[in-house]
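Take a look at the structure below.
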Amino acid sequence: MEKQQQHVELESGNSKIIDDCCKNPEQDKENNKATLFQASVNSIVLLIGLGTLSSAYAIERSGFFGLFVLLITASFYWCGSKLISKCLVHDPSLANYQDVATKAFPSWAPILVRTLFYLRILGTLTGYLVSMGDTLTHIFPSSRINVLGVIRGKALFTCMAFLLVLPTTWFRNLRTISYLTFWCGMSILATIVCLVVAGADYGIGFDQPVAVVNVKNLPLATGVYTFTFGSTPVLPNIQRSMENQGDFPKVMVISFATAITLNVIVGILGAIMFGSQTRPQVHLNMPPHLLPSKIAIWATFLTPVTQFALLLSPIAHELEQLLLPNLSDSRHSPKLGYLACVFLRSMILSGIALAAVLFPYFVNIIQLIGSSLNVTLCIIMPCLFYVKIFGDKVSRMEKAGLCAMVVLSAIAGITGATVSIKNLIHKQ
């Protein structure tokens, strides 16, 4: 029971999500009374995150055609989420994405799904540390601090971000911290408002040229948007928590429409404000001396701080059960057990920090995660699960459509992952 309650997933962005994919909603029947408004807000928070701030970079690099990529990506992710929802409705005994995977392919799907979710979490946290290092470098561009004459600049700021978030990962009771997840959505909205204000009232302007299409950079746009909408496997679980589950289609429309709109706003405004100087996270383009910029920069910096404990918890808890089965639950030496768990969590985060220092390229990291893990979890696997569970009830035309969606997604995913890996190697 404790293990189920502590599973946490990422998104996206937009990641920052309690992993309802591995949680049974029957445990919380008393709280399963979400209204249409509450469910819509929860869904919107899932679909916006740090990935949204990269929309401007995606549009500037790929051209305005990147908006079409955004719409196609969002529609494919919406379909994948809808398919999982249909599977849950078809069999009331199924509670979440993990149950659907087990029902469809019990021999291999559960292990694969959990592995992919955990890899996504580790990759997302690496991106978060890189983002925090980038933001600190932007705030203190002239800093000459170094450690032992070796660690300096962005690497030093990434290590400082690691030390800042490290204590938050030592908490095992996440109920209070989980409420901070709402801050992520609010901080992204605040950043967008500040972006508009900075452009309109502080003389930055909206007159930079942007290409119509840049074909060679379309894989980058695909990777950014597949990362941004990567929390869609959690959406069907929100349906279980609603007073009127028949309103869930409205929730889907509201949440996706809002997320798409925010990505379009950030993408267009950021691109025409900063042009070829647009950075992978648009808040890094904002002059740090302006008041709206300060609000946006610090809000974005603090956003990941609230997420590390939530996202790291499922991996840490699983390793604790595997490596420290006696110490973590020891009744005779609770302090020793707690210290052992703290050490294990610190080592996991240290590995993430090392990856962030070695590969400090935010947009390439999220492009790799989106193109490989998210496309598999959010589009390809839901199609396979749906066809397997419904069998002959799926029409030929529907199978043909799903097959086309899988093929196109696989091509886009492989292309995006290949490009991101090449860029990472090249930058190294």
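Yeah, the Cβs are placed from backbone N, Cα and C, and that goes for glycine too.
Record features, source TrEMBL:
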DOMAIN    33-417  domain 'Amino acid transporter transmembrane'
TRANSMEM  36-57  transmembrane segment
TRANSMEM  63-80  transmembrane segment
TRANSMEM  111-130  transmembrane segment
TRANSMEM  150-170  transmembrane segment
TRANSMEM  177-200  transmembrane segment
TRANSMEM  220-239  transmembrane segment
TRANSMEM  251-275  transmembrane segment
TRANSMEM  295-315  transmembrane segment
TRANSMEM  336-359  transmembrane segment
TRANSMEM  365-387  transmembrane segment
TRANSMEM  399-421  transmembrane segment
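295-315 is the stretch from 150-170, 295-315, 336-359 with the greatest number of Cβ pairs below 8 Å to the transmembrane segment (36-57). Taking residue pairs at least 6 apart in sequence, the transmembrane segment (399-421) and the transmembrane segment (251-275) share fewer than three C-beta contacts under 8 angstroms. As a quick check, the transmembrane segment (295-315) and the transmembrane segment (150-170) clear the bar of 3 or more Cβ pairs under 8 A, pairs 6 or more apart, so the two touch. Of the recorded ranges 63-80, 220-239, 336-359, the transmembrane segment (150-170) has the largest number of C-beta contacts under 8 angstroms with 336-359. Of the recorded ranges 63-80, 220-239, 336-359, 399-421, the transmembrane segment (111-130) has the largest number of C-beta contacts under 8 angstroms with 336-359. Nonlocal intrachain contacts for the transmembrane segment (220-239), taken as residues 6+ away from its ends with a CB within less than 8 angstroms of a stretch CB, comprise 9-15, 17-21, 23, 25, 34, 39, 42-43, 46-49, 51-52, 54-55, 57-59, 61-62, 66, 69-70, 73-74, 77-78, 80-81, 84-85, 88, 95-97, 120, 245, 248, 251-252, 255, 259, 263, 363, 366-371, 373-375, 377-378, 382, 412-413, 415-417, 419-420.
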